[in-house]
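According to Swiss-Prot, the protein has these features:
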BINDING   Q86, G104, E105, G106, K107, T108, D497  ATP binding site
COMPBIAS  829-838  compositional bias 'Low complexity'
REGION    829-921  region 'Disordered'
COMPBIAS  839-855  compositional bias 'Pro residues'
BINDING   C901, C903, C912, H913  Zn(2+) binding site
Amino acid sequence: MLSIARKIFGTVNDRKLKPLQARVNRINALEPIMEALSDQSLKGKTAEFRKRLADGATLDSLLEEAFAVVREAAKRVNNMRHFDVQLMGGMILHSGAIAEMRTGEGKTLVATLAAYLNALEGKGVHVITVNDYLARRDADWMGRIYGALGMSTGVIVHGVSDEQRKAGYAADITYGTNNEFGFDYLRDNMKYSLDQMAQRGHHYAIVDEVDSILIDEARTPLIISGPTDDRSELYMAVDALIPRLEDSDFELDEKQRSVVFTETGSEKMEEWLTEAGVLEGSLWEPSNISLVHHSNQALRAHKLYARDKDYIVKDDSVMLIDEFSGRMMEGRRLSEGLHQAIEAKERVDIKPENQTLASITFQNYFRLYKKLAGMTGTALTEASEFADIYKLEVVDLPTNRPVRRLDEDDVVYRTAKAKYNEIIKEVRAANAKAQPILLGTASIEKSELLSHLLTAQRIPHKVLNARHHEQEAFIVAEAGVPGAVTVATNMAGRGTDIQLGGNFDMRLENERAAKEKALGRELSEGETSLLGAQIRADIEVKKKQALDAGGLYVLGTERHESRRIDNQLRGRTGRQGDPGKSKFYISIEDDLMRIFAADRMDAVMRRLGIKEDEGITHPWMNKAMETSQKKIEERNFEIRKNVLKYDDVINDQRKAIFEQRMEFLRSDDVSDVIEEMRESVIEALVARTMPEKAYAEQWDITGLEESLKTDLALDLPVREWAAEEGVANEEIAGRIREAVEGQYAELTRLIGEPQMRRIEKQFLLQVLDMRWREHLQQIDQLRSVIHLRSYGQRDPLNEFKREAFNLFDTLLGELRATVTRSLMHIRVQQAPQQQPQQVAPPPRPQPPQPAPQPPQQIRETKLDPDTGVNEMNPADKTQPPGPALHQAEDDWTNTPRNSACPCGSGKKYKHCHGAIETQKA
């Protein structure tokens, strides 16, 4: 019935696409008009569109004409014409949705349509890719189209300078990787002046391989951190004990990827740690809780993380591997000491643990964009998650030509040995007829095992995994050559097309570079054209050979946890209507089968009389495998949702801090904020030592006097005031407030108001950053133990929200107290006239390194009194300061608000330097 209804009414997806066809027809009708325009007139369309926008037109009203302009520019500069389905893809991207497009359907070209249209607003468009190579390639390749239309293109990749980053983000359209965009956001929120910031907002983003970035990497937070104390000896001492454990000493759950000590295991660790001289007393005493943490991380390092699967060892370092793409994740480190535990296990240099300085998850970073869109070949399996988390709709686009790929049923073997033997036979048979083969594996370990087996059989092949990622693009580009055998870890997000016969652009680039190197000069335009013609002719011959052999044969050597990864592997063949074939070879010893279905599957195969070297193919097997994958996907979805619930708590706090910080950066005068902080500190101090309903005899006068000295640098006769007949705490608070404001006004006069405003701003930003980092560390610690609240029948999430709020409230209180204390302890001394002035506020806690330092270091600033140039950094030009500051115990007269202002203006203090509007929090 359902199929009949779909034929009559069409699917939901069909109904989404139907209205787009009318717009495609109108774009096609504009093609002759655009073809008649000169290059200059075509470029002039951009200025025309922008004027129409300024006059009240909308982007949607310009869409058809703008798309026609982009199509014409692509034809002229790149010899590429957008197909009708690609125009539809551009409309879907512009609407803020995800376009599902098969491999080879030209996603890179589709992005130019929506990117150009949205860049007309002048607020910047970000096109996000999965690696630096693709970002550079696409920026160069598609940048020609934008350049022909008068738009600028920027690229943000690892290693570019701050100036290059600023220029890249200032461009109309910016290409870059998800990591760099996220880290730049965090870096910008650690800068000390607006002109140092790189990004200019989050207007519109197009995410390529959107499922890889927003789903697979959603659980991975971006963290900027600084090193803490070296504990390498402790890591080594604990690591040496783990191999002595027996299986009964821990419980391992491979499905949940968790491992914990049993009671006997804990007792053994306690005994061994004591013998090693590391532990004093019981392991479970509060003072030894860090040893419990180290022991747990060492156990995880040994039992959950495998070399050449989860990480590799390269250049005396442990490099993590992306489980979905098989790539090395350079610069990424596991947190909470787990990375150090793995380094101890592998006996490599143990790098210090890091303290979090700033962090954000991809989920929350990409939700910053006012409009978000994405492209991928495999999003439908995760459509509900895109809708739930990101409010993104997935629209499945038809292919430009019918798919001719043959997807065969899985073949299941009882042993891995039998599976690999059959794979080698299949490769040999396909290779004999020059059919190109792509062998997909789930880990480096498996890819190197397969490579070893192929080498033993003298079958020439190339290996693509995290060890050889530098040659990635070239290896993938040549995988469609007749007779090519390519072994690759997960092909997710590779980004380079596998074209039958070879990739023309890649070959031309490489062969031209080789010829120029041999000749010692650049090839002329004619020589380059001749070389291109020769390569194109050779590719056509090889393409025919590959087609005659049946097209690219994708052979999966095991199923991945995610159906999307398997679908992406299949999608590498059958591009643009080419023939192709895909097939998976599986054994019940594979990780996925062993964890989820091994016993049941083995029993069935035994009952059927299947021998170890025989395979079985049946739709039931496919169904069982799909069920296992769905279970894992559902579990991972729940984990990601749970991560987001917790991260949303800290995200609200992060947004509040970052927004407040940005306000401080934009303001040249934060004296209102500083005065409000002083008021809050005084109120809190009086409330603590002189409670409202307490009798005068119950007041803590000694505590108040000491706090006034330490927090506000004031020595006031509070005891005498308290002894006065009928004096109330409000009156004493008023006298304290008057004394504080008077002293601060005098400091401002002596230092000079412009200089004081700069000092206030620098102190405020530095203390805010320092307290925020400490807060993040506390939040990390809270999150690592909050699950234990469930044992007390309390909801960990609600407990986390409550505790995090209390910590945030404490952060704000400490911020006010620290800023006020630091500023009130500044003392002024007249320096000899002939000497330069010095500004040196009291020592303050330094943020961990490498933390971004402010452009003007308040400590040890040496200013030329005539020019205002900082002699320690001549580029830092400020206004000449007032008298130099130093830490002394001088007594200074107070300036009551109704007294004459010490600056000599003749006005009352409250109407001059004290004219600050009090704001209550």
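Backbone N, Cα and C define each Cβ position, glycine as well.
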For a quick check of packing: other C-beta atoms within 10 Å of the C-beta of E105 (ATP binding site), how many?
24
What is the set of residues, excluding Q86, G104, E105, G106, K107, T108, D497, whose C-beta falls within 8 angstroms of the centroid of the C-beta atoms at the ATP site?
M101, T103, L109, V110
Work out the three-state DSSP category of T108 (ATP binding site).
helix
Does DSSP give D497 (ATP binding site) helix, strand or coil?
coil
Give me the long-range Cβ neighbours of Q86 (ATP binding site): same chain, 6+ apart, Cβ under 8 Å, in sequence order.
E105, G106, L109, V110, L113, N400
Annotated ATP contacts Q86, G104, E105, G106, K107, T108, D497, maximal Cα-Cα distance (Å, integer):
17
G104, G106 as binding-site residues, winner by CB count within 10 A:
G104
